[in-house]
């Protein structure tokens, strides 16, 4: 406040060092991840059982490897038990294979049998079994959480009905007041008067003008429905453009062969782009002019295609199809980019020409929509995206938490200062030879990047060592 003496803004050392963990805790609460945390905690016991079995398997395999390979001069990884367990654990992730096998295999070919059996049981059976058990436990826990949520919802709806009911029924006016109160909740789609009346009509299955207990218990199910208003104001093409309709030229967009011709045009565009790219000695001025004319013709054809569909179907019907939205966006970007490139102006950027080619290649995705299997996979991918956002937010919370912990434990240990003892300790290591110095826990962004590299499982043991 104005006039008050300045207050210390820095947190005391014990509390200030916990600030990153407080931030991630607040973030987890804000993102409402209590269900995911509950599922993860329930999976941990089963995961620990599998982890104990995995450690036992690595221990037995290490003892067997020491018994078989300890007399080999170059197989130094199997002379001591901790070193053998570490090498076989890395081998189970395939990060050091076949390097871990080559000292043995170069002296005795039969050494391959040990590693074949070890990876067969540990990697192909053990790791897949661990994934299957973890997924099964997670699935059963998710089902249990859903049942608990349904029970809580039924209990709360029952209480709400007891409060609102008059002689065992909820009147229309009371239900409208409930809808107005629900509009104050940002998680519920806003309901105007017509939508609220429509939802009440869906609930009132017996057309009595009131809701009994069974009808009221379906409130949440009806609120979760999504309705799309149909465009009934679109005038048919023959009424909007009678002269063009009599010519019968634009109606060809409804014919199946029209889409086939567009697909053929896309293929020709790809062939022309590939021919232009794979020319070994560059393009002559004449060839360059030909390709420019071809690009302009392809762009004009795509623009005419979109214009014809909008004229015949109307904007509402055209924009209702997701494929048309994708084609229109690509066509618009290609047209605007081509206009900037080919219209004389003071702006000259060769990257825009590559952008035009890139936009054209994106339209090839529509060819996959004609294949039923590809279309099914693409549709499934779109349906998974909303759930994937919650998964990515959970992964971010986990990475942020471990990055903050890594900063507390290893912050400042990785550096290139020649006077630092940490820098001297890195000399001669694989970490320094591979120039992995940017992968450290000196700051939050570097820590998150280091953890992301560890998730990829490639050379993770170099960073750990």
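Cβ atoms here come from the backbone N, Cα and C positions, even for glycine.
Checking TrEMBL for transmembrane segment across the ranges 286-305, 306-325, 326-345 points to 326-345. In TrEMBL, the transmembrane segment annotation falls on 390-410 of the listed ranges 369-389, 390-410.
Sequence-distant contacts of the domain 'EF-hand' (191-226), counting only residues of its own chain at least 6 positions beyond either end whose CB sits under 8 Å from a CB of the stretch, comprise 153-154, 157-158, 160-161, 164-165, 168-172, 175-176, 179-180, 182-183.
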